[in-house]
Amino acid sequence: MVELFILMMERVGLIILLAFLLVNVPYFKRVLLSREKMSSKVQLILIFGLFAIISNFTGIEIAKNQIVPNNLLTYLSSNASIANTRTLVIGVSGLVGGPIVGSAVGLIAGFHRVIQGGGHSFFYVPASLIVGLIAGFLGSRMAKQTVFPSAGFSAIVGACMEMIQMIFIFFFSGDLSDGATLVRFIALPMILLNSVGTFIFMSILTTTLKQEEQAKAVQTHDVLELAAETLPYFREGLNKNSSKKVAEIIKHYTKVSAISMTNSHQILAHVGAGSDHHIPELEVITELSREVLRTGRMTIAHAKEEVGCSDPNCPLQAAIVIPLFSHQQIVGTLKMYFTDPAQLTHVEEQLAEGLGTIFSSQIELGEAEVQSKLLKEAEIKSLQAQVNPHFFFNAINTISALMRKDSEKARKLLLQLSKYFRGNLQGAVQTTIPVSQELEQVKAYLSLEQARFPNRYQVTFDVEEAVASEKVPPYAIQVLVENTIKHAFGSRKENNQVRVVVKAKQHKLHVDVYDNGQGIPEERRLLLGKTTVTSEKGTGTALENLSRRMANLYGSEGCFLIENLETGGSHVHLEIPMEQEELDARINR
């Protein structure tokens, strides 16, 4: 029995190899993490089925309670049996992939065991199928929660699955006396090692994925902080001063040896190793950078020769060069240099690609703000630009707070924020935008607020379908909704209702925002929208901002009204003249 135990431990190593492949090879990891998809289930069946067959081939032949030396078991005599890790593979496949994967792997392993031969081997098919189904149903409960079973729970399941196998061997291995003899010889090593093997497998799986998730959360948190710090500088445009500050910030947050930034023809900043000859204001000196400027694709150099620096003493041995875009045109590059090529890993590549996307958006935002200052409607543009940073920093704080609690939810909110700012890049150079676009921005804001305060606010929208293309000032509805959320309800944590109504009446677009809050003190209501109002929670600047923009755009034809409701709460009303072409379109509908 001791010899069998030692030999079985060697076979368990095969399962450890499988766990290593699943969490370290990118292809297998993608299949594992998308296991709810049918295509992934098929691939898991093939992977685990292959390892189950290998377990049969590498099993330990036993005849008359004696271990028969053999390297590869392709065929068994009629009086022989096998001690192997087949049940371990089947059980793990069910825990990871669910009942479909578990039962399919069980059938593959069972039929292959029958093909190998040996006395009374047909019972291995139903035994393997039952093991796969039970383990699969136990694992599917966890899959619905997007987590894997714990190692301890899996170890208990593994032991139970092997016990089921022993019961089948006892009753169906010919005479009961033969079955009992075989079970006494193999039961303890196989049950114990099946449990230990399952424990080790799931430990590797859960621990590695958890550590990776934590690392991603920390990295995303750092990237958000980095983006928040670089935003003010990119708003100045891509120039020597802003590039130097941005390069210093990036180097502080990353482990790179040097950071360099260029425009389309010259070096704007270089911080770190190689700064003695990578001098700002010189022309771009590396062939690598020139190639990226030509092609517009991220390029990676893993050797000094690929970097292409003309200085023979340059310490830079590897690099990632990312193109920076503005309005789909290449405006420069961001370069991350390494003095040791081993420092350039897949993590750095993903980080660089993400930073390139963020910085390109920030450059576009900065250019939009610069252009807005040159437009005739300078006052309107400057008022609009005041809203952007305010919302951005609120959103960053919300996502940062979620990062360590629910990184997946934070990722989705970050995508919402990205979509929001992509739309704002258009609104930043326009005096009006479609109602549909404005409502998308409002919903992006609300998704972030609901993340901070789940179920605190109930917001409903009553919007005529025909007004979706009508024009409103950027941020008009968002300012009203945001002001209501922040000030209407005080410390009340439930039954906070907001209703947004957008309809066309008498050649004008009517926007109404109602709430069931505590109302507005009369002396303050008379001042809101006309001047700043000192209070503990704000100054009323946003409403004054909107009122001034309405006046500049529409003059006496526009309307901005704030009132208290007799039933409690408040009501803010906007009237916006509809453009003549929009009126004609409505008449002809």
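Backbone N, Cα and C atoms are what each Cβ position is placed from, and that goes for glycine too.
Per Swiss-Prot, the features are as follows:
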TRANSMEM  4-23  transmembrane segment
TRANSMEM  44-63  transmembrane segment
TRANSMEM  89-111  transmembrane segment
TRANSMEM  118-140  transmembrane segment
TRANSMEM  150-172  transmembrane segment
TRANSMEM  185-207  transmembrane segment
DOMAIN    238-363  domain 'GAF'
DOMAIN    363-580  domain 'Histidine kinase'
MOD_RES   HIS390  phosphohistidine
Candidate ranges 44-63, 118-140, 185-207 - greatest C-beta contact count to the transmembrane segment (89-111) (under 8 angstroms): 118-140
Number of helical, extended and coil residues in the domain 'GAF' (238-363), per DSSP: 48 helix, 35 strand, 43 coil
Within-chain partners of the transmembrane segment (185-207) [C-beta distance under 8 Å, separation at least 6 from its ends]: 1, 4-5, 8-9, 12, 15-16, 18-20, 22-23, 32, 62, 65, 81, 83, 85, 87-88, 91-92, 95-96, 148-152, 154-159, 161-163, 165-166, 169
Integer mean pLDDT for the domain 'GAF' (238-363): 86
